[in-house]
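Undergrad: Quick one: the structure is below, questions incoming.
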Amino acid sequence: MSGATLAEALATARRRLSEAGLADGALDARRLIAGLLDLSPTAFVTDGARALDGAQQAAIDRALARRVAREPVHRILGRRAFSRLDLALSPETLEPRPDTEVLVDTLVPHATRMVGETGGCRILDLGTGTGAICLALLDLVAGATGVGTDLSPGALETARRNADINGVADRFEAVESDWFAAVAGVFDIIVSNPPYIVRSVIGTLDDEVRLYDPILALDGGDDGLDAYRTIAAGAGDHLRDNGLVAYEIGYDQKDQVTAIMRENGFARIEAVRDFGGNDRVLLFTKAAVV
Ligand SMILES: C[S@@+](CC[C@H](N)C(=O)[O-])C[C@H]1O[C@@H](n2cnc3c(N)ncnc32)[C@H](O)[C@@H]1O
């Protein structure tokens with residue numbers, strides 16, 4: 001492919017990915033090349049005759065080989081957009097999903113109201129991964145501060161880096177903790193997108209997920225609900241009165257997670273669906289004592 005133009009490189013990449021059986025091969029080729037060469041969305045039209053140098057072609061070839069092995073586009077690029085953020089990914093972090101933005105969007109009005117009422121809003125993000133949820137909230141809600149915890153030191157390093165990249169490091173702290181074990185203090189909002197996949201299902205997931213998202217980010221135990229049980233049991237000690245617990249859940253977990261929370265003294269106040277119409281976000285407060 002020596003001396004290929006941008007348009008020729010795109011055509012070759014589309015063919016290679018489509019021949020490898022990738023359903024969105026054409027789109028993936030475009031996103032990979034645009035990401036690797038830092039191109040504007042219109043560059044394939046306006047700049048198609050531009051000759052690529054050897055290093056650029058080699059980078060494209062390496063990326064295509066990884067995509068053929070089913071590595072997701074954003075993992076190959078090492079970053080992805082989430083909410084208004086540019087997030088670095090690492091092998092220890094889940095790649096944040098668009099549906100998780102629903103959790104962020106659901107919390108923004110609550111966090112904004114809390115800042116208006118009390119001058120601040122302390123957020124605890126359990127299992128922060130890239131920091132996606134907490135950092136997006138800090139970005140969207142001036143005056144909020146956040147603690148992101150994870151069991152994975154590598155994920156926490158990535159979350160700290162993302163706080164820096166996105167200009168919210170002065171309001172974010174990353175803490176290594178097994179759920180609440182090393183968490184101190186009381187928060188206005190406790191949020192989590194914990195691992196919630198039923199263990200026996202993990203082997204059936206798409207290669208893109210099964211081979212590249214860390215198992216620690218997926219495995220929810222025998223019934224997918226282990227993390228919700230642990231978080232529900234500890235949340236009362238770390239939530240201020242009238243504070244909120246917010247979860248992302250699996251599409252069929254609404255009733256079970258609501259029951260777990262009810263057993264631990266919480267009442268559901270909101271249930272929100274994702275872009276595909278599935279139950280995805282639940283909000284709870286401490287139930288009134290009668
Ligand atoms: C589904 S991922 C969510 C990551 C990120 N919050 C997001 O929404 O993109 C779950 C996260 O929980 C972390 N995790 C798993 N077990 C944990 C534990 N016992 N204590 C704290 N974090 C844990 C994983 O490392 C992973 O980062």
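Glycine is treated like the rest: Cβ placed from N, Cα and C.
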Undergrad: With Gly127, Thr128, Gly129, Thr130, Gly131, Trp179, Asn193 listed by TrEMBL as S-adenosyl-L-methionine-binding, which of these, Asp105, Asp150, Asp164, Asp213, is given for the same site?
TA: Asp150
Undergrad: Gly129, Gly131, Pro195, Tyr196: which of these binding-site residues put a Cβ within less than 6 Å of any ligand 1 atom?
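TA: What lies within reach of ligand 1, judged by Cβ under 6 Å, is Gly129, Pro195.
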Undergrad: What whole-number Å value do you get for the CA-CA distance of Pro195 (substrate binding site) and Trp179 (S-adenosyl-L-methionine binding site)?
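TA: That comes out at 12 Å between the alpha carbons.
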Undergrad: Can you count the other CB atoms that lie within 10 A of the CB of Gly127 (S-adenosyl-L-methionine binding site)?
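TA: Here the count is 23.
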